[in-house]
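Chemist: Right, I'll just put the structure down here and ask away after.
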Amino acid sequence: MLRTMLHAKIHRATVTRADLHYVGSITLDLDLMEAADILPGELVAVADINNGNRLETYVIAGERGSGVVGINGAAARLVHPGDLVIIMSYVQLPDAEARRHHPRVVFVDAENRIIGTGTDPAEPLPGSGLLSGHHT
């Protein structure tokens, strides 16, 4: 049996542009992609914190150090510049490996610069003021 597990999460990135007339996808700063171990062409889910919209698309590598998080194509009707998003990729693993798996979590600032990393997708960056998913 294979289990679908969170592989990587870029948490609270700021959308820098949205272009309806682009071929499609999400463009990500190459620094963010490498920190999260997300490859060009990889399937990702995008959750918009501002409006609750969720979508799936594939990744295009953006300029390293640019901070770009660009929403392209039809998704530009759902996600807008300035919105905060969570970008997630998943991996399918055999049961035994899934039980040992730890995802990569990348925290960014308002300019999409990396300010921290972790392996617990429910744990916020210390000092961020966000609540842990472990507490109810």
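Using the three backbone atoms N, Cα and C, a Cβ is placed for every residue, glycine included.
So Swiss-Prot lists these for the protein:
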| type | residues | note |
| --- | --- | --- |
| ACT_SITE | Ser25 | active site, schiff-base intermediate with substrate |
| ACT_SITE | Tyr58 | active site, proton donor |
| BINDING | Thr57, Gly73, Ala74, Ala75 | substrate binding site |
| MOD_RES | Ser25 | pyruvic acid (Ser) |
Chemist: Enumerate the residues of the same chain, Thr57, Gly73, Ala74, Ala75 excluded, that satisfy the criterion Cβ within 8 A of the mean position of the Cβ atoms of the recorded substrate site; list them in sequence order.
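Modeler: For the substrate site the neighbour list reads Gly24, Ser25, Ile26, Leu55, Ile71, Asn72, Ala76, Leu78.
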Chemist: For the residue listed as 'active site, schiff-base intermediate with substrate', identify the closest of the recorded positions Tyr58, Ala74, Ala75, judging by Cα separation.
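Modeler: Among Tyr58, Ala74, Ala75, Tyr58.
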Chemist: Among Thr57, Gly73, Ala74, Ala75, the annotated substrate contacts, find the widest CA pair distance and round it to a whole Å.
Modeler: 10
Chemist: Could you tell me which of these binding-site residues, Ala74, Ala75, has the greatest number of Cβ atoms within 10 Å of its own Cβ?
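Modeler: Counting Cβ neighbours within 10 Å, the top one is Ala75.
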Chemist: Given Ala74 (substrate binding site) and Tyr58 (active site, proton donor), what distance in Å do their CA atoms have, once rounded to a whole number?
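Modeler: Counting only the Cα atoms, the answer is 13 Å.
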Chemist: Taking DSSP as the reference, which of helix, strand or coil describes Ala75 (substrate binding site)?
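Modeler: DSSP call for Ala75 (substrate binding site): helix.
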Chemist: If I restrict to non-local contacts, at least six residues apart, and a C-beta distance under 8 angstroms, what lies near Tyr58 (active site, proton donor) in its own chain?
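Modeler: Long-range Cβ contacts: Gly24, Ser25, Ile26, Gly41, Glu42, Leu43, Val44.
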